[in-house]
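Look at TrEMBL and you will find Cys234 tagged as active site, nucleophile. Under the heading S-adenosyl-L-methionine binding site, TrEMBL lists Ala112, Ser113, Ala114, Pro115, Gly116, Ser117, Lys118, Asp136, Asp163, Asp181. Positions annotated as domain 'SAM-dependent MTase RsmB/NOP-type' by TrEMBL: 21-306.
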Amino acid sequence: MRTKILNYLLKILDPISAEKMIKSLKSSPPLCLRTNTLKISPDELKTRLENIGFKLNEIELVPGAFLVLEEPVPISKTIEHFAGLFYIQSLSSMLPAIALSPQPGEYILDIASAPGSKATHIAQLMKNSGVIFANDVIPDRLKVLVHNIERLGVLNTAVTSIDGNRFGNILPEIFDRVLVDVPCSALGIISKANEVLNWWSENEVRRFSNKQKQLLTSAIKAAKPNGIIVYSTCTLTVEENELVIEDALKKFPIEIEEISFKNIDFDEGITFYNEVQLDERLKKTIRIYPFKFNSEGFFIAKIRKTDITVTRTTALNDFKILSSQKGTTDKFKLLTYKNQEIRSVLNFLSNRFGIDESVWEKFAFHIKADEIWFSSIDFINFFSNDDSTINRNLKTHLLNQIIQRLGIKLAKHVKKERWKISTSALQLLAPYVNKNVIDLENENDVKVFLNGGILKNYNGNFELGEYIAVRFSGIMLGCGLVTKAGIKSQIPRGRRTIEIEIS
């Protein structure tokens, strides 16, 4: 396998560089993290982690990113990680979202989103406003995406699970920016994905390339005229990178834009391959080699759509096929804080936890059986606005068909007029919570609570059956239920952990 990969690399690199590349694939890139600015500032996170023994260096290229130099314990086992204060991510993997440059209030599509590293990065760059469609067609990968959305407190994201090829026809010319971080042959990340060595071949590369062209085509159609599309891979083959972009240049009204990254040693895109001259505009794409830049191998292209690509007729035809599928047409009926039914729930939560009522004004809400969910208020406009290619009623029906979940759960009805606030919501709303809170006093209690256990020494003056907020060292852990035995952890099974280590 080493020979097979080396032979390929010799097509695009000189012999010395190819050997360096092979050598670099044997070593892991440095450990980096990205501050989740939806919950904490970079300075606050740095101080917290350094106070418990971590040594960090700021990465100027990506605001809020840090290089982890020393770990007293695995950083993924800290309370800060459990609470979603940061995301562990390679530096190269952070660059596509930076290149996309999403703005607050925009409509964004992440066409192949799981596990969610880039979708959550985009969400924080947008300050949890606007609209993100995070799509992945593989159910098991979708579970990881949802977990990360909940842990980081992302409200502006709708999760979908359809073939990414379809977006260009069912939601055409709607998105301001589209990220196409495609499945690939992973030549740039072999150091952490050794299984690639078991199947990598040029035949597999060609198979990936065909799928990548389809996804990029869909992304271009889904973008508004003058919209931005960022295409990225963690591989270095020309077939999956430059040739995919060149194919799109021939078919669609697009141009490649310059990408400006400071302090990165990257190469221009390849314009001569297999004795064939490629489009000179490909020089504006960038290649990141691990032996030149101490991170994973990546390819990134930034594309601007210059004209329309989809007609209303095409969109409606594809819509009719999808809308014939069974599904509830109003499962995401979005409401504001002024709605009477929503208002009663918000009043309960405000009274219970001291949350100022003005906090609720910036969210949209929807009812899901006995639960209330909340999301970015910009979803209300997204659902209701007419678009050039598909009218409002059809779009609303379509969105209800394809969206699996929207935002995160706020609270669940338990009995009479009582509601249990969710762990994810309580962590996100932590700055506004100032009532019915307990602060844990020792590390053992933290471990018991995070594993779903009962705290036996904190009943205080709380009434039986009431829900309270539980903190430790200034970090909101989640919701607890007051019982005769003690405070019963309400952390959902999917987020419980026995691996927390406290320095």
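From the backbone N, Cα and C atoms, a Cβ is placed for every residue, glycine too.
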Cα-Cα distance linking the residue listed as 'active site, nucleophile' and Asp163 (S-adenosyl-L-methionine binding site), given in Å to the nearest integer: 21
Distance, Cys234 (active site, nucleophile) to Ala112 (S-adenosyl-L-methionine binding site) (CA atoms, angstrom): 13
Residues that sit under 8 angstroms from Ala114 (S-adenosyl-L-methionine binding site) by C-beta distance, when 6+ apart in the chain: Asp136, Ile138, Arg141, Leu142, Val144, Leu145
Rounded Cα-Cα span from Lys118 (S-adenosyl-L-methionine binding site) to Cys234 (active site, nucleophile), Å: 13
Under 8 Å by Cβ from Lys118 (S-adenosyl-L-methionine binding site), counting only residues of that chain that are 6 or more apart: Ser93, Pro96, Ala97, Asp110, Leu179, Asp181
C-beta crowding around Asp163 (S-adenosyl-L-methionine binding site), within 10 angstroms: 13
Which same-chain residues, if any, lie at least 6 apart from Gly116 (S-adenosyl-L-methionine binding site) yet have Cβ under 8 Å of it: Ala134, Val144, Leu145, His147, Asn148, Ile149
Candidates Ala112, Cys234: member of the recorded positions with the richest Cβ shell (10 Å): Cys234
S-adenosyl-L-methionine site span - longest C-alpha distance across Ala112, Ser113, Ala114, Pro115, Gly116, Ser117, Lys118, Asp136, Asp163, Asp181, in Å: 20
Average pLDDT across the domain 'SAM-dependent MTase RsmB/NOP-type' (21-306), rounded to a whole number: 96
